[in-house]
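Annotated features in TrEMBL:
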{"type": "TRANSMEM", "residues": "68-97", "note": "transmembrane segment"}
{"type": "TRANSMEM", "residues": "117-140", "note": "transmembrane segment"}
{"type": "TRANSMEM", "residues": "234-257", "note": "transmembrane segment"}
{"type": "TRANSMEM", "residues": "269-288", "note": "transmembrane segment"}
{"type": "TRANSMEM", "residues": "321-342", "note": "transmembrane segment"}
{"type": "TRANSMEM", "residues": "452-470", "note": "transmembrane segment"}
{"type": "REGION", "residues": "656-680", "note": "region 'Disordered'"}
{"type": "DOMAIN", "residues": "707-764", "note": "domain 'CBS'"}
Amino acid sequence: MLSNHIQNGIETARLAWSRIPNSDESQFVDDGVGLLKKNDGSAVESLDYEVIENFAYREEQAHRRRKLYVSYLLVVKWFFALLIGICTGFAAVFINISVENFAGWKYSLTFNIIQKSYVAGFFVYVSINLVLVYSSVCIITQFSPAAAGSGIPEIKGYLNGVDTHGILLFRTLIGKVFGSIGSVGGGLALGKEGPLVHTGACIASLLGQGGSTKYHLNSRWFNVFKSDRDRRDLVTCGCAAGVAAAFRAPVGGVLFALEEVTSWWRSQLMWRVFFTSAIVAVVVRTAMGWCKSGKCGHFGSGGFIIWDVSDGQEDYSFAELFPMAIIGVIGGLLGALFNQLTLYITTWRRNHLHKKGNRVKIIEACLVSLLTSVISFGLPLLRKCSPCPEPDPTSGIECPRPPGMYGNYVNFYCSKDNEYNDLATIFFNTQDDAIRNLFSAKTINEYSSQSLLTFLVMFYGLAVVTFGTAVPAGQFVPGIMIGSTYGRLVGMFVVKYYRKLNIEEGTYALLGAASFLGGSMRMTVSLCVIMVEITNNLKLLPLIMLVLLISKAVGDAFNDGIYEEQARLRGIPLLDSKPKYEMRNMIAKEACGSGRVVSFPRVVKVPDVVSILQSNSHNGFPVIDHTRSGEPLVIGLVLRSHLLVILQSKVDFQHSPLPSDPRSGGRSIRHDSGEFAKPVSSKGISLDDIHLTSEDLEMYIDLAPFLNPSPYIVPEDMSLTKVYNLFRQLGLRHLFVVPRPSRVLGLITRKDLLIEDAENVNTLELRATSVRF
């Protein structure tokens, strides 16, 4: 009877608002920019965050109940956190030094050439950008397709329980690092911050599995954490390390991992993530101190993002809150529009452009590079130069900059020596230096409203068009550029109409940057802390909080955040923190599929296993035994990946169709739990890799030692909302739906879970008498 009801449903993804694709069931392949389209291979698969308590696992745990082993695991986890921080810090240093040197050489050479000929300088500038972008897109299309885009939606999916094949491989790490150098150094309207988050996650995953076996860069000494559950914690540390390295914001990195990417969080993990971010901060600061001696070429004031506005506006009046609220509304509207436009363009690319192959992707990226170079070089030529303001020795800012230099007050196509081009100051510059110029204090009237509006429209359009090309791309820096531009515009009007000496345009530029990021990414707490850390001005915290809350509220009225929209477009079925409203009126039985659930007997013949695995794509199967009276009895759940390991090894085949009890000593377990672990972001074993002889097909397999005897079970009439919360909070992959039980064996309360040492039994009893359960 129980077996018949079990047939009503087992696949857990059907219990959610969107079905999670499994190995052969979801036939997707990466098209080169992280988008997933149907083909004959699988690209998305659920992860097993549940502990599979089969006999092999329990036998291992019986030998590992020693405090020494627990202490060893604890030390190894902290050691891995240290390694993740060090490696991510060095990766960020390498990327930043490379990008700053390529950009420095490019601008220095261009500025030197335009002293003689602007035409020659233009061709040099365009050529350098084109070569860098071409190298980046070739790395992605030919070597590492999974490295395209920011990688944050895929990492967010991984931590939510969905593995996209290829996102955490060694070649993805290489493609992310060198592809980011080419795309950012080539002047495209994108940043390196999102790719750094992906880079940190790749480093953490590779360290957790001992390296890369494909490229023979592995060590068994590092191959300690083999379960998806342990790897999830390492990847979380890597994400926080990436943000800490990108923004030099260790606390912001911890909060980013907590707020934006993770679905499960524990206090123990918080400490390790914080430790990892602190290590990254130490490594980055040490590298910057070493580079100040001039050993890093053009790397110096730029590179690692920190825009010090501590000398900016000291105070603000109540009347200024209204224009600041207007900035929040503008940020919400432009952020939501940015999300929608990028969604439309990326969908069009997937359906029409990128289907034509890698050559089209390369041509597209090169055309975008050419367009960006023409706009950034050509538009400043159309702008008249402005006379330099009166020199201020206390500001430390020189006007104009000497020939061959870039920064504030750039002399570009100016007829007089004491003039500067305000549009070139933000267009013909690295993005970090352009943002530093927009945030700068004591530079009132440096920019005209026409120049800022021109830059806003052009750069906004370039950011929309560039997003989705086959190169590594982040959205943090372009968002800060866009927001700081309209924020500075609002600041100019405030200065003009309020006529107060203490108002700084740079302060409004900072608030604009925060508002656009809040309107696009929909982050609040982590983004607020990151903005405070990168600007070194705690006084602006209340204002940043205000614009973030307003921009997020306005953006939420139109669409989801950019990472959620892109994850949905890529076919990554994220389970949100809150179930859909419609689930309140549904029960678990209604969410189960109508098809018959395939099950195995306890002892099954080898050809039957092969036939079932070939005929369906399920990843979990109930195992049915019979009592002495002949009534069917569900004894557990066996995973597809475990069956494939058993078929490949063949050591568990037996001639007898009778069950054997490994606890009786008649047969010992021949596998440890680590052998059943699937490599990260790979397809693992498939039936095509298994070769069986005619003798093998006459054998039997006893599934009892390999099944999970205690899977999670819910009654068929449980509310789907409760099922959803249980499924997501526990990180499950499968969930049994059974008829309502006929009897109760016992009742567990809080006091039953307060298990303590034997010497503290009296304390336990005292607790039990002081609390009502």
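Every residue, even glycine, has its Cβ placed from backbone N, Cα and C.
No curator has checked TrEMBL annotations; they are predicted automatically.
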The transmembrane segment (117-140) versus listed stretches 68-97, 269-288, 321-342, 452-470: most Cβ pairs under 8 Å:
452-470
Can you work out which residues elsewhere in the same chain, 6+ from the ends of the transmembrane segment (269-288), have a Cβ less than 8 Å from its Cβ atoms?
77-78, 81-82, 84-86, 88-90, 92-93, 233, 236-238, 240-241, 243-245, 248, 250-251, 253-254, 257-258, 303-304
For the domain 'CBS' (707-764), what is the mean per-residue pLDDT, to the nearest integer?
81
Under 8 Å between C-beta atoms and at least six residues away from its ends: which parts of the chain pack against the transmembrane segment (321-342)?
460, 463-464, 467-468, 479, 482-483, 486-487, 490, 493-494, 508, 511-512, 514-521, 543, 546-555, 557-562, 565-566
